[in-house]
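To start, the structure itself, in structure tokens.
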Amino acid sequence: MMSNHSSATEFCLLGFPGSQELHHILFAVFFLFYSVTIMGNTIIVVIICVDKHLHSPMYFFLGHLSALEMLTTSIVVPVMLWGLLLPGMQTISLAACVAQLFLFLYLALGTTEFALVGAMAVDRYMAVCNPLRYNTIMNSQTCISVVIGSWMFGFLSEIWPVYATFQFTFCRSNVLDHFFCERGQLLKLSCDDTLFTEFILFLMAVFIIIGSLAPTIVSYTYIISTILKIPTASGRRKAFSTCASHFTFVIIGYGSCLFLYVKPKQTQAAEYNKIVSLLISVLTPFLNPFIFTLRNDKVQEALQDGVKRSCQLLKD
């Protein structure tokens, strides 16, 4: 416990409960997930840059989404892995805690990822419902503007929430029951009244998530309606296959964030927050390469061509 008139200058992360042997097992599991995440998303980015067949708006957005997933998991997982190897509690400075929370909210839970996902939904709507106008509307200038806007708006939208969080005095304790600087656990340590700030953060989360989810819902409503009008089963299957991977990612990504941050009370149970945070920072980035490769014929073809070219170069 700390003095009633002092605020924490560093925090201790409790991380995961259990013995050191269990921590070593968790380290091996999460390190495997992290390695596959980085390699898988890197492969997607490289293939999109190299293969001319993937130089289209959908894959342009996918490349940025994959880069975003690598950054998201790299903000949380290395710190978490280091904590699993330490025999005691892990400490993190106030400045590092501010930076980690801001980057996590900006990349994983800010408007950046949601705006990219929404742009991909609109792109699929144009491809399925308005194919003749697709190249005119979804041109390179439009795509670049959307991506720049997504990164900038995501950055600006999280400045106040992080600033407001660290304006409180953390005098109850400096021990965070989490594996990174999570906002709900930080607010628990405050000896100030956080109710109003939590309500404003709730409204902002609703606005950001629901606001970015709206074009996705509208786009898929039109897409499904258009697909159902296709007379042949093979045609419907082909049209749906172009959207299936993105739709799967939408369900996983939005579902996790809705559970974690769209709630009036930010200071929820630590175990609940840990599980949902793992979904966002570990599982979703890990699944991203599989979702967008196993169900995407063009990416699979590009991968096969890349492997063939690599084998040919090795033989030569």
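Placed from the backbone N, Cα and C atoms, the Cβ positions cover glycine too.
Per TrEMBL, the feature domain 'G-protein coupled receptors family 1 profile' maps to 40-292.
Residues 16, 18, 59-60, 62-63, 66-67, 69-70, 73-74, 77-78, 80-81, 84-85, 282-283, 285-286, 288-290, 292-293, 299, 302-303, 306 of the same chain sit 6 or more residues outside the transmembrane segment (25-50) yet have a Cβ under 8 Å from a Cβ within it. The annotation transmembrane segment is assigned in TrEMBL to 25-50 (among others).
Annotation comment: TrEMBL describes 62-86 (among others) as transmembrane segment. Within the same chain, residues 13, 15-16, 23-24, 26-27, 30-31, 33-34, 37-38, 41-42, 44-45, 48-49, 92, 100, 103-104, 107-108, 112-113, 116-117, 120, 147, 150, 179-180, 277, 280-282, 284-286, 288-289, 292 sit at least 6 positions outside the transmembrane segment (62-86) and bring their C-beta atoms closer than 8 Å to a C-beta of that stretch.
Residues or ranges marked as transmembrane segment by TrEMBL: 92-122 (among others). For the transmembrane segment (92-122), same-chain residues at least 6 beyond its ends with a Cβ under 8 Å from one of its own Cβ atoms are 8-13, 58, 61-62, 64-65, 68, 71-72, 75-76, 79, 143, 146-147, 149-151, 153-155, 157-159, 161-162, 165-166, 180-183, 186, 205, 208-209, 212-213, 215-216, 219-220, 246, 249-250, 253-254, 257, 260-261, 280-281.
Taken from TrEMBL, the feature transmembrane segment covers 143-163 (among others). Among residues of the same chain six or more beyond the transmembrane segment (143-163), those with a C-beta under 8 A of the stretch's C-beta atoms are 57, 60-61, 64, 98, 101-102, 105-107, 110-113, 115-116, 119, 183, 201, 204, 208.
Positions annotated as transmembrane segment by TrEMBL: 199-223 (among others).
The transmembrane segment annotation in TrEMBL covers 244-263 (among others).
According to TrEMBL, the feature transmembrane segment maps to 275-294 (among others). Through the fold, the transmembrane segment (275-294) approaches residues 30, 33-34, 36-37, 40-41, 43-44, 62, 65-66, 69-70, 72-73, 75-77, 104, 108-109, 178-180, 182, 245-246, 248-249, 252-253, 256-257, 259-260, 300, 303 of its own chain, all at least 6 residues removed from its boundaries and within a Cβ separation under 8 Å.
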